[in-house]
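The structure appears right after this line, and notes come after that.
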Amino acid sequence: MDVCVIGAGYVGLTTSTVLANYGHQVYCVDKQKERVEMLRRGEIPIYEPGLEEMLVKNTKKGNLLFTTDLETAVNKSDLIFIAVGTPQDNDGRTDLRFFEGVTNELAPLIDTYKLVITKSTVPLGTNEELERKLIEKGVLKENFDVVSNPEFLREGTAIHDMLYPDKIVIGVKEYRAVQTLQKLYRFIDAPYIVTSLSGAEMIKYASNAFLAVKISFINELAKIADVYNVDITDVALGIGMDPRIGHHFLQAGLGYGGSCLPKDLSSLEHQSIKKNITPHLLQAAQTVNDSIIDHYIAKLKKEIPDYQNKKITVWGATFKPNTDDLRHSQALKLIDRLVKDGSQIRLYDPIVSPNIHNTITYKDMYDSIKDADILIIATEWKQFIEADWNKVSERMRGDIVVDCRNCLQPYTLKKNGLIYLGVARP
Ligand SMILES: NC(=O)c1ccc[n+]([C@@H]2O[C@H](COP(=O)([O-])OP(=O)(O)OC[C@H]3O[C@@H](n4cnc5c(N)ncnc54)[C@H](O)[C@@H]3O)[C@@H](O)[C@H]2O)c1
Ligand SMILES: O=c1ccn([C@@H]2O[C@H](COP(=O)(O)OP(=O)(O)O[C@H]3O[C@H](CO)[C@@H](O)[C@H](O)[C@H]3O)[C@@H](O)[C@H]2O)c(=O)[nH]1
């Protein structure tokens, strides 16, 4: 099938590449000229394991093309995916600027039948509004159907998640759209959830909200476990054994960040308030998440009252491992807070070198800890988990390792003369 994908970010690039890899002809459009030129050279603007290889293979084969020319891409395609960003505005609502920009650009280009498929995460009612606007702008009703087909991939495992999703959610008004999408996704073996446009929009928000609530739940329990000298990893393991609870998303730590959970939870909160419903649980999940940095700063202060005067190294800047994404990173929030408190930070991250006030970034993880008093693990990258702790111990001046992600083995550190401070791990 001939497919146009609008937006060459994490979702648009993964969608384009996977569809092309399974035999479709894909035109991936982005308005950023430099990004498109880069992609044409086979360089990818984001870090996503496995993506570059598959992308280059398919560009060489000619079934994956990058362009800024929306008109040609739309003309050549039967299906049009919208995968532009829907960030958070200053009030915490969804900023639909890019999505509405696409609606305006698309309207004059649709003069034969197209399936317009929304992959971007958009508030309830947005796809109905998209349909209404396209008609209002002169597109004939018989020339298009709108489909809400939210994406559930995680950064760092995007290709795997797109190939092996637990479900494919499709919000439609016309059943013919479902058949077209089943044809498009014939290489994916997953159950279909077919619902209304807003039903699909809500499934997306509900998923991310549930995950955020689950993380805040374990983080709240971690605070309680801490004061009662209980190991929270035992508690997570114990409750996770119950299949009604499950083991996933029970890792206590610095809290959730990234480009999705915080903004989607906040958006759902506003969508709820707009209809006079107070979303107590969603608000509580955010409150817990917002309180975590303060909580761990207080813990650090209790352990080392003059921590501001110590040499602190932080390992990890991104919001989670295996990505270059710094959006809403809790690690960055922690660094900001330490800097505000007067500390000078040395930072090492395997992929990014962000420019942060009073922070020196290092290219080598062991160089970053030379003469450090305190080492803080803010993101659970594999290379931190597998660090040479004897070498760490020799390089550091002090002996304190704060494991904000509960990803290390306390015993291994202790064996190497280091003091381990985890999240509720007595
Ligand atoms: N990142 C994720 O893991 C993820 C997962 C599932 C869903 N989502 C949702 O998918 C959407 C996209 O997220 P992302 O992280 O891929 O965004 P992104 O910011 O990485 O990429 C968006 C791209 O869209 C381009 N763009 C904006 N307006 C355009 C226009 N008018 N024409 C052409 N290109 C345009 C931008 O230049 C940018 O390259 C969001 O709604 C997000 O909530 C993201
Ligand atoms: O037990 C856990 C699991 C995750 N996190 C944190 O939660 C955040 C989000 O993690 P994850 O969900 O793996 O990352 P994303 O790539 O943002 O993926 C989420 O957001 C995407 C965008 O909507 C959805 O498509 C995915 O299904 C959803 O998992 C990160 O900061 C993690 O460190 C924890 O603190 N504890």
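Quick reminder: no glycine exception, Cβ is built from N, Cα and C everywhere.
Bear in mind that TrEMBL entries carry predicted annotations, made automatically and left uncurated.
Per TrEMBL, NAD(+) binding site is recorded for D30, R35, T86, T121, E155, K263, R327. Cβ-based neighbour count (10 Å, all protein chains) for R35 (NAD(+) binding site) stands at 19.
The Cβ of F152 (substrate binding site) has 17 other Cβ atoms within 10 Å, all protein chains considered. Taken from TrEMBL, the feature substrate binding site applies to F152, L153, R154, E155, K204, F249, L250, Q251, A252, G253, G257, K320.
According to TrEMBL, the active site, nucleophile annotation covers C260. Non-local neighbourhood of C260 (active site, nucleophile): T121, N208, each in the same chain, at least six residues away, with C-beta under 8 Å from its C-beta.
Helix first, then strand, then coil: DSSP counts for the domain 'UDP-glucose/GDP-mannose dehydrogenase C-terminal' (313-410) stand at 26 helix, 19 strand, 53 coil. Positions annotated as domain 'UDP-glucose/GDP-mannose dehydrogenase C-terminal' by TrEMBL: 313-410.
Closeness to ligand 2 is met by none of the binding-site residues T86, K204, A252, K263, R327, no Cβ falling under 6 Å from the molecule.
Spacing of R327 (NAD(+) binding site) relative to K204 (substrate binding site) is 19 Å (Cα to Cα, whole number). Residue annotation for substrate gives F152, L153, R154, E155, K204, F249, L250, Q251, A252, G253, G257, K320. The furthest Cα pair among them is separated by 24 Å.
Of the recorded residues, F152 (substrate binding site) and R35 (NAD(+) binding site) place their C-alpha atoms 24 Å from one another. Ligand 1 lies under 6 Å from the Cβ of none of the binding-site residues K204, L250, A252, G257, K263, R327.
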